[in-house]
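Straight from Swiss-Prot, the features:
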type	residues	note
ACT_SITE	Asp151	active site, proton acceptor
BINDING	Ile32, Gly33, Ser34, Gly35, Ala36, Gln37, Gly38, Ile39, Val40, Lys55	ATP binding site
COMPBIAS	366-375	compositional bias 'Basic and acidic residues'
COMPBIAS	387-416	compositional bias 'Low complexity'
DOMAIN	26-321	domain 'Protein kinase'
MOD_RES	Thr183	phosphothreonine
MOD_RES	Tyr185	phosphotyrosine
REGION	366-423	region 'Disordered'
Amino acid sequence: MSDSKSDGQFYSVQVADSTFTVLKRYQQLKPIGSGAQGIVCAAFDTVLGINVAVKKLSRPFQNQTHAKRAYRELVLLKCVNHKNIISLLNVFTPQKTLEEFQDVYLVMELMDANLCQVIHMELDHERMSYLLYQMLCGIKHLHSAGIIHRDLKPSNIVVKSDCTLKILDFGLARTACTNFMMTPYVVTRYYRAPEVILGMGYKENVDIWSVGCIMGELVKGCVIFQGTDHIDQWNKVIEQLGTPSAEFMKKLQPTVRNYVENRPKYPGIKFEELFPDWIFPSESERDKIKTSQARDLLSKMLVIDPDKRISVDEALRHPYITVWYDPAEAEAPPPQIYDAQLEEREHAIEEWKELIYKEVMDWEERSKNGVKDQPSDAAVSSKATPSQSSSINDISSMSTEHTLASDTDSSLDASTGPLEGCR
């Protein structure tokens, strides 16, 4: 990037209802997703020769909440470097000064699909356990830095056709050391842990509940706790898992406890009935063993009382998962979060704006000095060409046939379905 920005470095293109003003190195923009946090386009990076995802943060300075989320996401993405966490490749703004500053663009790896597009596939145990292993590795890496994701759901987990998986979207991630009372509307309702629903606060294994919900959804092909609202979500949980013990009730605030204790009592359904043998792969005796292990893992993750729920470390060592265990992945050095006050910070919008601007300028300065001129090892295959289109919106070619890819063979056919090969 040149020492001073010029209009010639950027060009504008209309994407849905938004205008993307991006560096000219990013061509062939195509919208692939949108949400409260921003709009995402697939693009081809003519400098690195790879397909990337360009995310434009939606009105990051419209209020303090949006501004804080934007700052948090940017800081965390800059700090985290793990093969199961999405990699940040570039950050830029087309504006030249703090006074003009209003747009933030994040450039990240482009994957083939998110888990929403995988839910209805018939996954064998090998692929399912490997996807879960990677999910847990990514979560453990975040937890090792005191970061709780808080918003794990199928749309925030992306995969490639070689069965690699990455976690994305850190707008809601929060450091664990912060003293706070949780708002119940942190996580998408279906994946929200009981302690969040009941306003108990949380610890790291709040993310394990979400993983359990996602695993259950992968097994059954549908959302397992599909509440219509906040209260109904709790009802759906206890209808299946049973009314919690008196010991758990004592941990609740009096008003919440009064409500919970006055709900109809449910004995709960056995996990053998919630997740019967026939919904798992059962082609061999080995599959039957794996089915028993998978169900056992679900029963340990989907526990209402967080004090009795399995931890990330325990999940990684569970028989269903541990076959994949690699210390380099599961015990990677924790990321160093350079802003120790990441959560305690409270600022006016203009102050948040200045902090974010400094982060963007810091990235651009480091890029000029060659610190960030290449993607990390986790980036997508550099063999992509402009003519290769990501299959992120076309998963019709997904294969459920068991084909193993070499650990070292990262080359991908762009027409291949997201889970065509698993290591």
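Placed from the backbone N, Cα and C atoms, the Cβ positions cover glycine too.
Overlay of Swiss-Prot annotations on the structure.
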{"residue": "Ile32", "record": "ATP binding site", "DSSP (3 states)": "strand"}
{"residue": "Gly38", "record": "ATP binding site", "DSSP (3 states)": "strand"}
{"residue": "Asp151", "record": "active site, proton acceptor", "DSSP (3 states)": "coil"}
Check: Taking the Cβ of Ser34 (ATP binding site) as reference, which residues of that chain separated by at least 6 in sequence fall under 8 Å from it?
Finding: Ala16, Val40
Next item on the list: Quick one: of Ile32, Val40, which of the binding-site residues has the smallest count of other CB atoms within 10 A?
Entry: Ile32
Next item on the list: Using all protein chains in view, find how many other C-beta atoms are within 10 Å of the C-beta of Asp151 (active site, proton acceptor).
Entry: 22
Check: How many Å separate the Cα atoms of Ile32 (ATP binding site) and the residue listed as 'active site, proton acceptor'?
Finding: 20
Notebook entry, point to check: Which whole-number value in Å describes the distance between the Cα atoms of Asp151 (active site, proton acceptor) and Gly38 (ATP binding site)?
Noted result: 15
Item checked: Cβ packing number for Gly38 (ATP binding site), 10 Å threshold -> 22
Check: What mean pLDDT does the predicted model reach across the domain 'Protein kinase' (26-321)?
Finding: 89
